[in-house]
Amino acid sequence: MVGERSHARGPSSYVMFDIVTAGLAPSMALLLFSSILLFILQCSSAQPSPGYYLSSRFKPLPGFYHGYNTLWGPQHQTVSADQSSVAIWLDRSSGSGFKSNRPFRSGYFAASIKLQPGDTAGVITAFYVSSLLANSRCRLACFLLSNNQVHPGFHDEVDIEFLGTTPGRPYKLQTNVYVKGSGDGRVIGREMKFHLWFDPAADFHHYAILWNPNEIAFFVDDIPIRRYPRRSGDTFPLRPMWVYGTIWDASSWATDNGKHRVDYRHQPFVARFTRFVVRGCSAYAPPGCRPVPSSPSGFGLSKQQLAAMAWAQRNYMVYDYCRDDQRDRSLTPECWA
C-alpha cells in the first residue's frame, strides 16, 4: 500500500519519505526529510574525481631556475633558498613576472598558486603561455603561454588569469585563448570565466594548461574546467610559446569592467607559486617528440574527465564567450562549427 500511494504521488524520493518516516511525528518526519534532501543536494554538488591525475604523473622542477628566469620587476620577486617556490608582488611602483627558459611547441605547464586575500580589486595574477616575450598585459597575476616577442602584434597566447575582487566577493578565474593577432587592434578574446569551489587565497591549489596539436585543456586540481579543441589552423595556436607568471595592475578592466581600481593602501599584493611542472616538447626538440596526452587513451578527455568538466561548468562557470549574444560570431567560428 505504501508503494502504491507513493507511486501515485510521483518521484521515488517520496517512497523513501513514506518508508523512512512511517510512525514518526509530522515535525520529526519533515526534519528528517529535509536532512535527506540536503544530503542529496550536497552529494550532487560535491567535487567529482576526474579519474586521471596529470599532476601526479610529472615531478616538479628541482628548482625554479631549472625552468624559469626573472622577466621583470626583480626587486618585487623572491625565490626561496631551495628554489622550490617564488613570491611575486605588486605595489605602487611595479609588478613582477617570470618566463620559461625555453619556448615550447606543446606541453603540460602547471604550478600551485596561492593568491592574496582581502581587497584585490584591479589586480591580475596570471599563469600563461605566449609567443610574446615581454607581455605588457599581465599586471595581478598571470600564468600563460605566449609568443608575442617573436610575433609582436600577431602573437598567440593561452591564459589562466585570476581577476582581483572586492571584500566578500569571490575571485574569478578567467581562461582565454588568443590566436594570431592579440595586440594589433583586433583582439579576439575567447574568454570563459569561473568561480571556484574553494577560496584560492586560503591555500595553494594546482592550476595547469595542457597544449598539444589537437587541443588545449585547463585544469584546476586535476579537474578539467575547459577544453578548446583544434577545429582549424586559423583558430588554434600552433607556433612555439613561452610560459609566464606575472602580477600587475589591470584597474582599467579587471574588476567589474574597471569600476573598482587597485587600492594601494592594501599593498603589497602578493602571489605565491610552487610545485612548478614544465613538461613537453621544446621548440628545439626533434620531430619525434611526443606531445603530452590529456587522458589515459591519449588525446581527448575520458568520459570521467568530461563528467568532471561538465560538473565544473554547470556549477561554477559564469561567462562563456560562445554564449554571448553581443559578440561578433564571424570572429569566433569555432563556436558554431
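Backbone N, Cα and C atoms are what each Cβ position is placed from, and that goes for glycine too.
Feature list (source: TrEMBL):
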{"type": "ACT_SITE", "residues": "E157", "note": "active site, nucleophile"}
{"type": "ACT_SITE", "residues": "E161", "note": "active site, proton donor"}
{"type": "DOMAIN", "residues": "42-273", "note": "domain 'GH16'"}
{"type": "SIGNAL", "residues": "1-46", "note": "signal peptide"}
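Across all of the domain 'GH16' (42-273), the predicted model scores a mean pLDDT of 88. All protein chains included, E161 (active site, proton donor) registers 27 other Cβ atoms within 10 Å of its own Cβ. In the structure as shown, the Cβ atom of the residue listed as 'active site, nucleophile' sits within 10 Å of 28 other Cβ atoms.
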